Amino acid sequence: MSNNMNIDQTDQNTIDEGLYSRQLYVLGHEAMKQMSQSNVLIIGCKGLGVEIAKNVCLAGVKSVTLYDPQPTRIEDLSSQYFLTEDDIGVPRAKVTVSKLAELNQYVPVSVVDELSTEYLKNFKCVVVTETSLTKQLEINDFTHKNHIAYIAADSRGLFGSIFCDFGENFICTDTDGNEPLTGMIASITDDGVVTMLEETRHGLENGDFVKFTEVKGMPGLNDGTPRKVEVKGPYTFSIGSVKDLGSAGYNGVFTQVKVPTKISFKSLRESLKDPEYVYPDFGKMMRPPQYHIAFQALSAFADAHEGSLPRPRNDIDAAEFFEFCKKIASTLQFDVELDEKLIKEISYQARGDLVAMSAFLGGAVAQEVLKATTSKFYPLKQYFYFDSLESLPSSVTISEETCKPRGCRYDGQIAVFGSEFQEKIASLSTFLVGAGAIGCEMLKNWAMMGVATGESGHISVTDMDSIEKSNLNRQFLFRPRDVGKLKSECASTAVSIMNPSLTGKITSYQERVGPESEGIFGDEFFEKLSLVTNALDNVEARMYVDRRCVFFEKPLLESGTLGTKGNTQVVVPHLTESYGSSQDPPEKSFPICTLKNFPNRIEHTIAWARDLFEGLFKQPIDNVNMYLSSPNFLETSLKTSSNPREVLENIRDYLVTEKPLSFEECIMWARLQFDKFFNNNIQQLLFNFPKDSVTSTGQPFWSGPKRAPTPLSFDIHNREHFDFIVAAASLYAFNYGLKSETDPAIYERVLAGYNPPPFAPKSGIKIQVNENEEAPETAANKDKQELKSIADSLPPPSSLVGFRLTPAEFEKDDDSNHHIDFITAASNLRAMNYDITPADRFKTKFVAGKIVPAMCTSTAVVSGLVCLELVKLVDGKKKIEEYKNGFFNLAIGLFTFSDPIASPKMKVNGKEIDKIWDRYNLPDCTLQELIDYFQKEEGLEVTMLSSGVSLLYANFQPPKKLAERLPLKISELVEQITKKKLEPFRKHLVLEICCDDANGEDVEVPFICIKL
């Protein structure tokens, strides 16, 4: 037995937030600490085993130990990306260990040469792949008895299985991973009936538990005790009698409490006889029992043939395998009518080893490992069987001859798809947009599949970003030495090492995909592509790529993740709708008046603090620099700015009245800001609306969501107060290029004896109470004489030649720049003003930075599903039901698959037209010829024609203008109207057209594509 490195090392006390930040927002600190104390054993280092190990290492367990003494074979390279042809004959675990160890410096990886059941006691979780059922039973008998989590997984061609046994008394602390529900309450009766504020839905279910904070009239209810919920309606629920706490409560906040749940698992031996299934596809509800028998039969077949599985497409082996299945079904006394065709397909594919299946199953299994080690999220209970038979090609001959081994690295894939289909995969020309988490996984999968390795194949990948430390947790092609380098270049290099046949076959770009890069990703570029794959993190770019794919009639593979959730979509020309056909609802935003004057949630104060950061350290600096560098800046601002007064005052303050000459002056400036925002403005608000104010209807003004604030008096010994001064002074110094200090003694010395001027409330100050009122700034901007007076007081730019300020460009992941420090301090001070529970730096960073929670497990699952759809596109499948859009939530073991939505059709003069994919293809004719074509050939009268924002033709235009335009070619007309020459790379023009039919009725028609 080789050295088991650091299995018993001391627990990690601290978590590297810089590395794990995106994952921490999914799991939380407590779960991460538990994980970092858990040793994991992984048996089997083929494609599925290494995928599980890779994800578990990235996630950050205490240690990973590998067991696989089997020698590397050429066919292993179909899915095992850490093996090379030079490793053939060397034990798989021995080759893999050093590659896995590179993934995460905090996770030692070691190899064990021999396994004994007693040795298993070292581990919190044991994962078994590529292992006979007899051996699995031996291991599980021991793990079940000794409270060690056990997971078994197998990938056989387009079929896969997962089995979980976490013991009879597994405690799950959070069953769904959702943020606890929270809401504002209006009232609580002594019977415990809680009514929500302003008829907002509480979202709770019977049996949920909640706790209360900030409840008035019943202070005893704020003790943090979880209380069981009985739902009365969408806006009311009961917590049982609270008579002993008072007669009535009002205001306050409820927060859902996650209560631990006990889950009991059966052992493998019991589960073989009495299985419990998770159903991933409701269209295949009858298949899990078939697969339950078949996967046992595969092990029995291998036992009878010295470990060999049925040969690809071999009918003799398939017939024998079917007999094994019948025998097992009879022994277990299962009332299942075996589907002979389906069962034999499993035999045909048993030696298949597909990286797409390994990625999908490996991501799902790794998440189960994390559940076992953290007790967070609901486990798969207990059998999960999956197939993607729709991916089996029909465009090529699949036979024993075409699927037999070739002695090449793709033999595991050829065993399923055949050698002819392998050539199709090698000939692909693909475009990957994004080389982040999903992009890395996609490139790895393509390298194993042999995508674009043929003579005519090519991969283009673009990503404008550089690698950051936080990327390393899930973008597994990158290493710490790559931080600062370009993602597209590093990813391309990494996969070319995995599969040397890709050397020279990948072109990496650093351009953002958008209108500005159409000179690079133009007509010629898109016309050569077989398909496009999105690996993007924003909707705008996705929509743009989608439009380009529709225009060039290219298939698009779309996917995304959010924490443990993920989705995939396949877009097929002339068959499915496009990505842009349906859109997510817009992101919720907070009313301005709520943020400015009436916050009631910590999210409100964080958003306010984020705006304050921009308003103090970014926007005014930009205005100053524009004033100093642009001669017409003032004139333009007075005409176009929504708040010209603020722009002018910013320039005056930052150049004259508040310009610091030393860091000490920056400290004093920060102190003034404290009084302004957390004392004076609050006093002014209370002057306008005293705490006993009533509305026009006689109701208390400060009630419901409006909380009466309390001014803060500065105390240098209060940590939040001091943190604000340090962050604000440091950022202000950064703007002016002054050296900042962190020594508290300096701040105490500067601020000693400072007495702020007493606050004097101002009359006539208007405060916006609701969204319907005019913002007070609007009125202030109407005094043109005062605006001119401020403008005249500014120093001329000529007196400050060469002087510039440095704006603070918000960067959430640099802990040394004071950005999150400032926002956290400002948000929490405002929370103190309004009696809102403050948030720590971690939560503040999440909200202010709009961080998208991410897990390497979800990314792996998504990439696997996308590649299963890619195979269908290569095959050219024509039936919409053969494609699948997928959605999953690994936290609750939910997988759903649906047929894509068909592209909508319409009829124009009796002719059926596809609303998305059809277009009128015309040469660069004259405007008159175009109008005549539609009149004669389509029976339509053109009423309007445009290109982008340029109106080319309208039937109501003056006759003189029409006479000038009708003889011009479309390209000439566009150039004349836009006053710009068409770019040389452009081969097409897109025109939007409005038409009437013979009855004068407006008709919806597709766009026109003019070929130049």
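Yeah, the Cβs are placed from backbone N, Cα and C, and that goes for glycine too.
Quantities reported herein were computed from a predicted structural model and do not represent experimental measurements.
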> Which candidate from K33, K424, K487 does Swiss-Prot annotate alongside R22, A437, D463, N471, R474, V513, D537, N538 at the ATP binding site?
Replying inline: K487
> Looking only at DSSP and grouping its letters into three states, which state does N538 (ATP binding site) belong to?
Replying inline: coil
>> So among D463, E468, R474, N538, all listed as binding-site residues, which is physically nearest to C593 (active site, glycyl thioester intermediate)? Use the C-alpha atoms.
In response: N538
>> Around the C-beta of R22 (ATP binding site), how many further C-beta atoms are within 10 angstroms, looking at every protein chain?
In response: 20
>> Please give the ATP site's span as the largest CA-CA distance among R22, A437, D463, N471, R474, K487, V513, D537, N538, to the nearest whole angstrom.
In response: 25
> What's the CA to CA span in angstrom from D463 (ATP binding site) over to D537 (Mg(2+) 2 binding site)?
Replying inline: 11
> D537 (Mg(2+) 2 binding site) to D465 (Mg(2+) 1 binding site): how many Å between their Cα atoms?
Replying inline: 12
> Rounded to a whole number, how many Å is the Cα of N538 (ATP binding site) away from the Cα of S903 (phosphoserine)?
Replying inline: 24
>> Let me make sure I understand the structure: which of the recorded positions listed (V513, C593) has the fewest other Cβ atoms within 10 A of its Cβ?
In response: C593
>> Tell me which of the recorded positions S264, D465, K588 ends up closest to R22 (ATP binding site) in space, Cα to Cα.
In response: D465
